[in-house]
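TrEMBL lists 1-19 with the feature signal peptide. According to TrEMBL, the feature domain 'Plant heme peroxidase family profile' maps to 21-321. Positions annotated as disulfide bond by TrEMBL: 31-110, 64-69, 116-317, 196-228. The feature site 'Transition state stabilizer' is assigned by TrEMBL to 58. The active site, proton acceptor annotation in TrEMBL covers 62. As annotated by TrEMBL, heme b binding site applies to 189. As annotated by TrEMBL, Ca(2+) 2 binding site applies to 190, 241, 249.
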């Protein structure tokens, strides 16, 4: 009887120890269809919206860098307390409707089981992976959803397009990420567009003397000035990776080495010897970039996660559960 009780305690302790861990098989018994549901809905949406991969991977970054990967970026504003999505850096986020579609489909099959945070992680992966007909990285699951979302917490937590190398390193270090992760995850800029305001200072008034940023290729700067008149219009966008903004590849590092990185934060990766070496290494091998990106995404997607009994499983990704 004592032996049986000891075994029971051992099993109980192991269960408690594993309760707060993410796992590749977290929904194996409670919602085994979850990855299939997400993948199929993403495939439908990407056919109509080729830029969905860029939208969802950016949304995941912006979620994880503020309060951790708890789907707080999905919450709508309540009363007078503006939510994260209302902050200026998040006003250009897209893809919320896709997350809503996925959540609704999963709730019909596995109600109150799958978190919005896990859905976002899977959706971002699958939107990037869709053209390749295979998953580009594995997603560990078991996150729970946060109940707080504040626009005031955005400042200082999201990487700024105007940031220098030191600031970027400090920010990433605070999230448990290193220089290699910084350079690798910056490779996501191979996808998507940017509003002119995020880089126009480099074109017209870099040092407040009406000059251009000398670290930006002059010919490319001239092209950008034609696309982005001064003052910047929020209605005009430019590809972050010229000619390759719908393809997930390592082309970003090509344009970076050509001094055509769109943001100050892109050019900053060339100002450090170690970072510059990583850029060059990733530029030479697409397969190396894919492998490195998968590894860094796993780290990024685990920032500040809520697990076990923390947080909740939202029934609607836009609002916290009642009560």
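The backbone N, Cα and C atoms fix where each Cβ goes, and this holds for glycine too.
With respect to residue 58 (site 'Transition state stabilizer'), the closest of these recorded positions in Cα terms is 189, chosen from 110, 189, 190, 249, 317. On the backbone, the CA of residue 31 (disulfide bond) and the CA of residue 62 (active site, proton acceptor) stand 27 Å apart. The shortest Cα-Cα distance between residue 249 (Ca(2+) 2 binding site) and any of the disulfide-bonded residues 110, 116, 317 is the one to 116. Applying an 8 A CB threshold to same-chain residues 6+ apart, the list for residue 110 (disulfide bond) reads 27, 30, 31, 33, 34. If you count neighbouring Cβ atoms within 10 Å for each of the recorded positions 62, 189, the highest count belongs to 189.
Cα-Cα distance from residue 190 (Ca(2+) 2 binding site) to residue 228 (disulfide bond): 20 Å (rounded to the nearest whole number). Using Cα positions, the member of the recorded positions 116, 189, 196, 317 nearest to residue 64 (disulfide bond) is identified as 116.
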